[in-house]
């Protein structure tokens, strides 16, 4: 979902700005290559898609923002349009009277830790299966198993294994470790990270693999002729190709982790232990257990902004759609 | 120029789309006008899916639909929801859009929240007559149909009172001749039956269950004379509530009469432990555990009993405590206020709450009838204690804030579980959690009484 909008939405916008302001400083370079294809582009054909985007994304979002200014709860739900307007009170309550900031901190930190661990894992797996060997197809398929399993199944199985006195406890016990509670208390935070890593590293692996595929054969040959050993080859020849796909993986992974509801919900249930009271769980409980729809809309909006700011800066910084970056070619 | 032409086109497309959606909207609204004769009509009923007896439930749907068709000439369309959250989503969308099922099945504790949305019919005397009269129902079951006797929206359908089951062999082996009637006695008996060496424990209960813990706290507090909600005041900071938590946690930390693994158990784990013969008492269960237990190692060796009604520290029930053996539990049916065929809906409810249908339902699914005659004529002696408890059940406070209060009570247990696992719950930590629960619940109660 977010992939589509990121990759599909951006380039068109960028091109159109180029079209509006041609760069006069570089007169000796030939006129822009895509000039012909940009002329008479049937932009109106975007209308059906654009209309759908407005109906499915923009309108509900505006509605959500409007809701966040209403005192909307179970008592006013039925006539929700006439629910009392209370301005920014919901935002004030979300920031000062609810565990929202704590939840944001937990969500962001857990996502970051999980991403930082999964990236090397994914690269290692991709590099390991890059050269052909017997049974490579099988290994590659097995690597994808965690990724294709539904989140609900992953969480249910892990929850069963993490039960007190269940397999993990008895396995650790047999080597003399008494690990304590996994699904409650401070350790639950690390349980969540562990399961998230398990479930999401194949995604990084997939994107790293796609990056490796784009390394031209000549480059390998050239570096071999220059006498580069494997580490130098990896570091100076292969990794630059991975920068684009991995940045994308990092971005999408972070967004996915921060928005992941199924995993913590199934693993820990509600009310969640305070160590894993994440952003989606908190918004869910506020909305569907406490019926504070206005307050939860405010929470969702605050978190949207908080995520959007670094996202925006990041997008500008990495320029995912930049055709000059090696990894982003084609 | 280019832009202008595409803008024009955009305007055309937009207005076309608007016209289309407008058509779609108006196409829906032309539904039927209300006549008592249901020929050619279709009643939409939303009810919980019964995972345990799904084939039987499908059969029941078919049978009831046939009978309803014979009576009124109308068809029924049954829809099911898989979980309380599913149901909630359906209710919310229906409430906002003003269209959806005509009849809903609601859990009792959810009825106050649903009532607060004002989206369901508050029954007049006339309406009650259409469903067979108020006197048809077990009067205790009406306790959570509305805020008072004049304003009731929930029509009792089945009762599912909470009881305990006990292992007759284990009790006899420990020299206990009858099940406990006070919480103190229960604790003493449980101690006698506990033998960690053989993995046998006095009580089986799940501390990680999503509902059970608050029911214990509610019961012990109410029995000690604290109804939790007193008008506009929440009383979770009362000593009785703290004592209830201490007793409930104490089974694990002080008395050590429950399996230490139960910090991670839900109710079904507790049922499994009892079914394997490793527990003297199975706490907080309903008659729906009967099919499981009948096929287990304890078949023929167990019986149900009413849970203790004397608060911890009391030697006999004080005041009205004897009538707080269980929360008033089961299902109510409600009729949507937006429904254009309310009479048909009442006719359906009249059918399913009739004595014969209620007895039939009990036989298939195990839930007790809400119909008073049907309840009286129950023949199975095993269910007698459960039926007795149905008459001794007390409604949880009827307020839209109850969902939050329940959540706050649950949260105290959830946050205490790490302490429980370590073997002791720190007194000041418990107090601060209770304080937190009190302030959150009170805030919600303030909103409810606004």
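Using the three backbone atoms N, Cα and C, a Cβ is placed for every residue, glycine included.
Annotation comment: TrEMBL describes A:104-314 as domain 'ABC transmembrane type-1'.
Under the heading region 'Disordered', TrEMBL lists A:1-36.
Annotation comment: TrEMBL describes A:43-67 (among others) as transmembrane segment. Sequence-remote contacts of a segment are chain residues at least 6 beyond its ends whose Cβ falls under 8 Å from one of its Cβ atoms, and for the transmembrane segment (A:43-67) they are 12, 80, 293-294, 297, 300-301.
Among residues of the same chain six or more beyond the transmembrane segment (A:103-125), those with a C-beta under 8 A of the stretch's C-beta atoms are 143, 189, 192-193, 196-197, 200-208, 242, 246, 249-250, 253-254, 257-258, 275-282, 303, 306. The annotation transmembrane segment is assigned in TrEMBL to A:103-125 (among others).
Per TrEMBL, the feature transmembrane segment maps to A:137-158 (among others).
For the transmembrane segment (A:189-208), same-chain residues at least 6 beyond its ends with a Cβ under 8 Å from one of its own Cβ atoms are 106, 110-111, 113-114, 117-119, 121-123, 125-127, 143-147, 149, 151, 154-155, 158, 162, 182-183, 242, 245-246, 248-249, 252-253, 256-257, 260, 263-264, 267-268, 275-276. Per TrEMBL, the feature transmembrane segment maps to A:189-208 (among others).
Here the transmembrane segment (A:290-315) has Cβ contacts under 8 Å with residues 10, 64-65, 67-74, 77, 80, 83, 86, 90-91, 93-95, 98, 100, 104, 107, 251, 255, 258, 279, 282-284 of the same chain, all six or more residues outside its ends. Residues or ranges marked as transmembrane segment by TrEMBL: A:290-315 (among others).
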Remote residues contacting the transmembrane segment (A:137-158) - C-beta distance under 8 A, at least 6 residues beyond either end: 125, 129, 191, 195, 198-203, 205-206, 260, 262-263, 265-267
